[in-house]
């Protein structure tokens, strides 16, 4: 091995990232090459010139130490701590339940933390070129649910094979990875976007998953589209026609039912006997809350509904709990958003935007719904609500975000 | 308290500081250090000015040398820790040509910094911190 390569290897020895290693070597080799040429012109032999050029670079050990510092992987401990705290708070609503329930929730917390930490170490850049593969996987999950579903709960179709349940919502992370890859490619055409998006929406609508799944999917892609390279005119035309089309599709498929629910949200008194009951009940609860501690230990009638877990926690522990939860979620979301601007790599950027939107829209909608600002749909509160699938999906999103942040120094 | 400490200063002068004279040599040493520090701002400013047009690390080293800065003399490799740190702070941007040669160019944030350096030098705390971080940690 030549002196030059010995020098370059020494310099990059302590740098952890392979890509950073390669690019530093290439850059410094170019420098040494040019310096060497200069010395040859001044009359040194080739060997002497190289020796001289290498010596002029300075101490390889010190250089290596500094470079390893520059390209050091980063762990965002604030995001990790907030995620773990939220997962832990999720145990509170189950405390009055049977032991098995608590044990299951504990298992979910551990699973969540494992996925978050595990995914942080996965190099997201490996996914960058497999957009179509992820799109295909997501579509296959939905198609399987449409054609081979064997159980229906609350109007939603699932596949149940032994203990494993396959739901339409599981397709969402795959579509997220696909869209991040598509949007980051310069050669991605607007027409391809329209076709791919339309097809996926049709699958989601026919998958007869809950309306909230379709909603968070479309919302996430819309936000990613807003940041994409397409012209703003195209983006807004898509938003406009998309909204009209969506409302029309909703109307022809489940029109009267959805309309009824919406009217109940706007005029709860008129629908007090049916869908409006919940909103009236909500108002009553918020009106009777105290700052700390329970007004009385009366159990909420919809206590079994894990989607309203925010309401239950507030009811049990007072307004303070509501404030704590909003602060924790708010800080987590803001902390994640601050990283978007610092991200230069396009794929990483779309991955961040998509993951943050997907996570935040659930949090914000759920809190808004529990406070009575938004109509009720079946959407759980990330990390606090009960349920393996949402926990896994949301842990995966946070893990992806941490994976991007970890490598932001060497994109 | 006051009374007990009254004799501390003259006492120290007689005992401890007796062996530690502050000579002209010391003064010169410190002045030199301060000058080097001042120079660091000048180098940063010069580098930012030069990077209005894209340049490789090698070209920048040569041009800084031509301007009489000796900071990277015999430690040319450290031009890259300097550049990479500036890049991480979004002060400059880099691009690869044919995946072979890496070029650097000033960015919007860098132009702001350049203006600030031109008008007020390195006095502000932010710039001081940046300079301390961007250069070799000796």
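Cβ coordinates come from backbone N, Cα and C, glycine included.
Residues A:214-230 are the range that TrEMBL records as transmembrane segment, among A:27-43, A:44-60, A:214-230, A:265-281. Packing against the transmembrane segment (A:350-377) from elsewhere in the chain are residues 124, 172, 176-177, 179-181, 183-184, 210-212, 215-216, 219-220, 223-224, 227-228, 261-262, 265, 278-279, 282-283, 286, 307-308, 310-311, 314, 325-326, 329, 333, 336-337, 339-340, 343, 385, 394, 397-398, 400-401, 404: each is 6 or more residues past its ends and has a CB under 8 Å from a CB in it. Here the transmembrane segment (A:74-95) does not lie next to the transmembrane segment (A:133-152) in space: the count of CB pairs under 8 Å, restricted to residues six or more apart, is fewer than 3. Residues 135, 138-139, 142-143, 145-146, 155-157, 168, 171, 175, 182, 214, 217-218, 221, 225, 228, 230, 234, 238, 246, 249, 253 of the same chain sit 6 or more residues outside the transmembrane segment (A:190-208) yet have a Cβ under 8 Å from a Cβ within it. Across A:101-121, A:164-183, A:235-253, A:317-338, A:383-405, the stretch most heavily in contact with the transmembrane segment (A:133-152), judged by Cβ pairs under 8 Å, is A:164-183. Between the transmembrane segment (A:164-183) and the transmembrane segment (A:235-253) there are fewer than 3 Cβ pairs closer than 8 Å, counting only residues 6 or more apart in sequence, so the two stretches are not in contact. Between the transmembrane segment (A:383-405) and the transmembrane segment (A:214-230) there are fewer than 3 Cβ pairs closer than 8 Å, counting only residues 6 or more apart in sequence, so the two stretches are not in contact.
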